[in-house]
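Trainee: Pasting a structure here, questions to come.
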Amino acid sequence: MAMIGSLTAHQRWILMAVKGGASSLSFVGSSFIVLCYLLFKELRKFSFKLVFYLALSDMLCSFFSIVGDPSKGFFCYAQGYSTHFFCVASFLWTTTIAFTLHRTVVKHKTDVEDLEAMFHLYVWGTSLFLTVIRSIGNDHRHLGGWCLTQTGRTRKAVQFITFYAPLWGAILYNGYTYIQVIRMLNNATRMAVGMSDRAYQSDERADKKSMNRWGYYPLILIGSWAFGTINGIHDFIEPGHKIFWLSVLDVGTAALMGLFNSIAYGLNSSVRRAIYERLDQ
């Protein structure tokens, strides 16, 4: 958010409106997934439990983004750091989902449920560590409804280290993992072609279709944060020259991450089946 300092009041108001609207959509979408997990007992399997933690992180990230800056020092710190903490936790939970899928499909391991405590330590511990590092020597300032950090190349470098570096690390890891999973399923499908059991081949095609759809999941993080990364790099190189339309894309796509995650990860066949059953009842 530090790139909006030299924009006009009207432009800042537009950015606030875009951020608020997109964050509201993400809050509704992620809250829906959280509600489904709490209401439908049949969804409380380990795989969807990870989706629940992802949606919970998105919901809280969106909530603190909507709250904005109440113009008080303590609340300014709380809003800024809480948003950073839960947004980092959000993309870290996607890596646990990718890891679980890879360990189950590629390595044929069945011990992923035993790793839940390690997942929590990894996600919440890393998010807290990065948030604390970001707070060292930092000072939040008020600008309209925004809670901003001090500008300067050092502060911007810290922002890249504590957010964008782990973010793109998660993107690369997720992409590499899903490629391996899809490659594994493609090999299994080719083996099924030579078998006479058509039912088996049909099941393999269904699994392949599902996994190919999961291959798009890394694109969610790329689509959500590509403009933010570009805008941050531009602001680091030319801090005195702000590009308004790039800032709009930055704020809008980043705030929609929760909505994208809730659609891709949450609205799967199990959730739809549970909803249809309740409606029939």
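Every residue number used here counts from 1 along the chain in the order it is shown.
Placed from the backbone N, Cα and C atoms, the Cβ positions cover glycine too.
Note that the structure is a prediction, hence the values are computed from the model and not measured.
Copying in the features that TrEMBL gives for the protein in this structure:
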type: DOMAIN; residues: 15-269; note: domain 'G-protein coupled receptors family 2 profile 2'
type: TRANSMEM; residues: 13-38; note: transmembrane segment
type: TRANSMEM; residues: 50-68; note: transmembrane segment
type: TRANSMEM; residues: 80-101; note: transmembrane segment
type: TRANSMEM; residues: 121-137; note: transmembrane segment
type: TRANSMEM; residues: 157-176; note: transmembrane segment
type: TRANSMEM; residues: 214-237; note: transmembrane segment
type: TRANSMEM; residues: 243-267; note: transmembrane segment
Trainee: Quick one: find which recorded stretch in 13-38, 157-176, 214-237 has the most Cβ pairs under 8 Å with the transmembrane segment (80-101).
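Mentor: Looking at each of 13-38, 157-176, 214-237 in turn, the most contacts to the transmembrane segment (80-101) are made by 157-176.
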Trainee: Where, among 13-38, 121-137, 214-237, do we find the most CB pairs under 8 A to the transmembrane segment (243-267)?
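Mentor: Top-ranked stretch among 13-38, 121-137, 214-237: 13-38.
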Trainee: Within the same chain, where does the transmembrane segment (13-38) have neighbours whose Cβ lies under 8 angstroms from its own Cβ atoms, ignoring anything closer than 6 residues to its ends? I mean 6 or more beyond.
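Mentor: Here the qualifying positions are 4, 7, 44, 48-49, 51-52, 55-56, 58-59, 61-63, 65-66, 68, 144-146, 247-248, 251-253, 255-259, 261-263, 265-267, 271, 274-275.
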Trainee: If we skip the immediate neighbours and take only residues 6+ beyond the ends of the transmembrane segment (214-237), which ones have a Cβ under 8 Å from one of its Cβ atoms?
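Mentor: Contacts of the transmembrane segment (214-237) (Cβ under 8 Å, skipping residues fewer than 6 from its ends): 2-3, 91, 94, 97-98, 101, 153, 156-157, 159-160, 164, 167-168, 170-171, 174-175, 178-179, 181-182, 243, 246-247, 249-250, 253-254, 256-257, 260-261, 264-265.
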